[in-house]
Amino acid sequence: MEKLIVANWKMNPGTQQEVIELFDAVSRGITRNLTQNNAEVVICPPFIYLPLLKGLTLGAQNVSVEPKGAFTSQVSATQLKDLGVEYVIVGHSESRKYLHETDEEISKKLKTALAAGLKPILCVGENEGEDRTEVLATQLAEGLQGLLGVIIAYEPVWAIGTDKNCDTQSVVEAAKVIKKIAGDVGVIYGGSVNAENAKQYLEVVDGLLVGGASLKPEEFINIVRSVD
């Protein structure tokens with residue numbers, strides 16, 4: 001199976017010029033150094049920069065539950081598809097925390113994304129001190145409900161942007177729980193991924209969801225190179 005490497009830029013960089021420079025650096029690095037035979041690289045910039053970026057597969061960081069209408073500030077799945085977006089992140093822990101997204105709402109977003117022809121990446125994971133299996137079971141039971149074509153990103157909340165690495169055995173166990181509940185789905189890992197630990201994670205999952213390290217072109221290229 002082709003490995004999936006997803007760059008989640010979050011609300012970065014700060015200006016249009018910085019976004020273009022970062023994207024161009026990543027694009028040049030991939031074109032020059034990588035065949036891409038074994039990896040699909042997806043860049044998820046802030047919404048407003050999606051129309052500016054061409055040449056690599058694009059993803060969005062969120063999507064509205066609604067297809068269209070009077071929903072101020074929302075962006076629909078069909079609008080994203082019209083921009084050439086192929087993937088969309090759904091249920092990221094930061095959206096759950098700051099936007100108060102519920103499992104029920106996330107489930108609706110998955111259905112909306114699939115109906116528009118997008119490939120949703122559902123983020124699941126426990127907070128520090130929570131029972132991993134219990135949290136995953138709850139999030140997946142509410143989120144999937146028999147949906148096909150969803151990629152699952154296991155992102156333990158305590159490992160996101162903290163430099164606290166999740167050991168590979170825990171990732172393996174989480175993937176087993178996910179596949180037991182969701183079936184034969186692709187499972188990727190996110191949480192303080194960097195060029196040093198990428199290869200060990202890629203040995204046990206189908207790809208990576210990269211945050212802070214994706215903002216550093218050289219390091220991100222080295223992460224993608226870990227696929228080979």
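Just so it is clear, glycine is given a Cβ too, placed from its N, Cα and C backbone atoms.
Per TrEMBL, the feature substrate binding site maps to ASN8, TRP9, LYS10, GLY161, SER192, GLY211, GLY212. The Cβ of LYS10 (substrate binding site) has 17 other Cβ atoms within 10 Å, all protein chains considered.
The active site, electrophile annotation in TrEMBL covers HIS92. Other Cβ atoms within 10 Å of the Cβ of HIS92 (active site, electrophile) number 29 in total over all chains.
In the three-state DSSP classification, GLU155 (active site, proton acceptor) falls within coil. The 10 Å shell around the Cβ of GLU155 (active site, proton acceptor) contains 27 further Cβ atoms across the protein chains shown. Taken from TrEMBL, the feature active site, proton acceptor covers GLU155.
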Worksheet entry | Lowest local Cβ density among GLY161, GLY211, GLY212, which the record lists as binding-site residues, within 10 Å | GLY161
Discussion item. I need the least crowded one of these binding-site residues (ASN8, SER192), counting other C-beta atoms within 10 angstroms of each C-beta.
Written reply: SER192
Worksheet item: If you measure C-alpha to C-alpha, which of LYS10, HIS92, GLY211 (recorded positions) come within 10 angstroms of GLU155 (active site, proton acceptor)?
Response: HIS92
Worksheet item: Should SER192 (substrate binding site) be counted as helix, strand, or coil on the basis of DSSP?
Response: coil
